[in-house]
Structure formats: C-alpha cells, structure tokens
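Novice: Just dropping this structure here.
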Amino acid sequence: MAESSKKRTLDAFFKPPPKKVKISDSNEPPSENQEPQVEEQVSYSKHSTYPFSISNFPSSITKNLSSFPSTIGKVINDQPDLDLVYYQPYIPKYLERQTFEFLRSQLPFYRVRYTTVFGLDETSKFCSSSTQILDVKTSLPILKDKNYLKHPPRPLPQCLNALRLSTEAATGCTFNFCLVNYYSSGADSISYHSDDEKFLGKEPAIASFSLGAKRDFLMKHKPVALDDNKSPPIETKLIKLPLGSGDMILMKGRTQASK
C-alpha cells in the first residue's frame, strides 16, 4: 500500500512530497567540477503509533551530524536565575535549509484544539458546598481526567532522535522528549510560559531549535513576591534573542523555575 496517499504533512498543502531524497551537501546548485547528484533509497522509521512511516534523514545530513554544533555556544548568565547557552548557529548554514524542508515535509503535524481550561469547559459547574466539580446536565461529579493513560509515549523517529543524540553530545544534558511546533507565518506565536512541570524534574534542561525564518525569542523573569525581611529583588530586563534558522538556545539551571 502506498504510504504517500495517507500522509498529512504540511507540505501536502504546498506540493506533493518527494518520493526520494537527493544527496546534497549544499543548497547551491552543483558546479561543473562537482560530481552529478545520485538518488538514494529512502529508509523509514515505523511504529504502530505513527500515522504513517516517517522518512529517515538522508545521508547528506546524517554524515554531517558529527560536525554539530558548527559554533561554540555563548554563555548568557548576566541576570538572576538566568542560565543559557546560545548557539548561532548549531546546525551549519549549508544544512539548515535542507533540514528544515525535510522535517516540514516528512513529519506529521496536528492543529491543536483546546476544549478545556484546567479540565473545565461549558459542561462543568462547581458544587456550592465543596470544591467538587459537577457535570451541568447530570449534576454528577466529574472524575479526574485519565485520558493521558491511554496515550503511551511515541518513540522518536530516526530524524528527531539523531538531533537528540547530537544535542546530548554537545551539551552534556539528557533529553527524552521532542516537541515540534510549526509557525506558518509571523502571526503565529506562543505566549510566555515555563517548562517547569514536576515530571521534568528539578532544574530541567530544554534545548530549543529554530528553523526557517528568523523569529524573536523573548524571555522575562517571573514576578518576585516582596518580603519585608529581605532586600528588594534585583531588577531584571526583558531578554530578546533573534533566533535565526539553525540556531539553538539551551535553557538550564534555574531558568525554567524563574522565567
């Protein structure tokens, strides 16, 4: 059965995804002295939880992974609770465009639809005599949502796992999860937030890659409660990092607890 007929990647909205990936180390056309490009057989990552088989990185990317990062990371720790390492870039310029186009065309993407806020929606109401949440129609207690138990972790396909292993080797940190967001235009964004969930552990390390158009990455310190017995908190400034394609920012230490 043909896999392409069931694919729902973003590039399906632009053009049919290519069946084969050409070997190329650059985005520039080959010169007369270069050998002609040859096509390689595409291999796939497969799993029952994938909506379709996901192509592995072509050899033109995998053989260059050992050269990542292409620059030395810049340490940024000039504000309270700030512990960053900024790679400009992490993925070399001759590969960032190919990596971006490959991931955009081969990974499955889903449009998020929010139906509840903290587990509540228009079908919920509070019981006046307790903190119990009731269903509006039946007035019966609403049990704690356990839907997450029905969705076991999905293993990383080879293309994302290769980036994970490269990032671990470069940073000395350990990563076990990858979230890929697609921002279709400059109007798409995500609000201020902290990746400080308890299951991530104390002082987690988050590596954030940017591919495609340059976008500003903003950070600010969380409000600090005033304490009469302590001196006023040190004033912090808004942090604005212009992430270019191939750049990576590593956030570690107390960054997630305070930003």
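Just so it is clear, glycine is given a Cβ too, placed from its N, Cα and C backbone atoms.
Feature list, courtesy of TrEMBL:
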BINDING   ASN181, TYR183, HIS193  2-oxoglutarate binding site
BINDING   ASP196  substrate binding site
COMPBIAS  1-10  compositional bias 'Basic and acidic residues'
COMPBIAS  24-42  compositional bias 'Polar residues'
DOMAIN    174-259  domain 'Fe2OG dioxygenase'
REGION    1-42  region 'Disordered'
Novice: Name the residues of the same chain, 6+ apart in sequence, whose Cβ is under 8 Å from the Cβ of ASN181 (2-oxoglutarate binding site)?
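Specialist: Within the chain, ASN181 (2-oxoglutarate binding site) has Cβ neighbours under 8 Å at ILE190.
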Novice: Could you state the whole-number distance in Å separating the C-alpha atoms of TYR183 (2-oxoglutarate binding site) and ASP196 (substrate binding site)?
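Specialist: Cα-Cα distance, TYR183 (2-oxoglutarate binding site) to ASP196 (substrate binding site): 23 Å.
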Novice: Around the 2-oxoglutarate site recorded as ASN181, TYR183, HIS193, what other same-chain residues have a C-beta within 8 angstroms of the site's C-beta center?
Specialist: ASP188, SER189, ILE190
Novice: Roughly how wide, in whole Å, is the group ASN181, TYR183, HIS193 that binds 2-oxoglutarate, by largest Cα to Cα distance?
Specialist: 17
Novice: Could you tally the C-beta atoms, other than its own, that fall within 10 angstroms of the C-beta of the residue listed as 'substrate binding site'?
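Specialist: I count 16 other Cβ atoms within 10 Å of it.
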Novice: Mean pLDDT, the domain 'Fe2OG dioxygenase' (174-259)?
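Specialist: On average, pLDDT over the domain 'Fe2OG dioxygenase' (174-259) sits at 82.
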Novice: For TYR183 (2-oxoglutarate binding site), just count the other CB atoms lying within 10 A of its CB, please.
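Specialist: Cβ-Cβ neighbours of TYR183 (2-oxoglutarate binding site) within 10 Å number 13.
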Novice: What is the Cβ neighbour count of HIS193 (2-oxoglutarate binding site) at a 10 Å cut-off, with all protein chains included?
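Specialist: There are 8 such Cβ atoms around HIS193 (2-oxoglutarate binding site).
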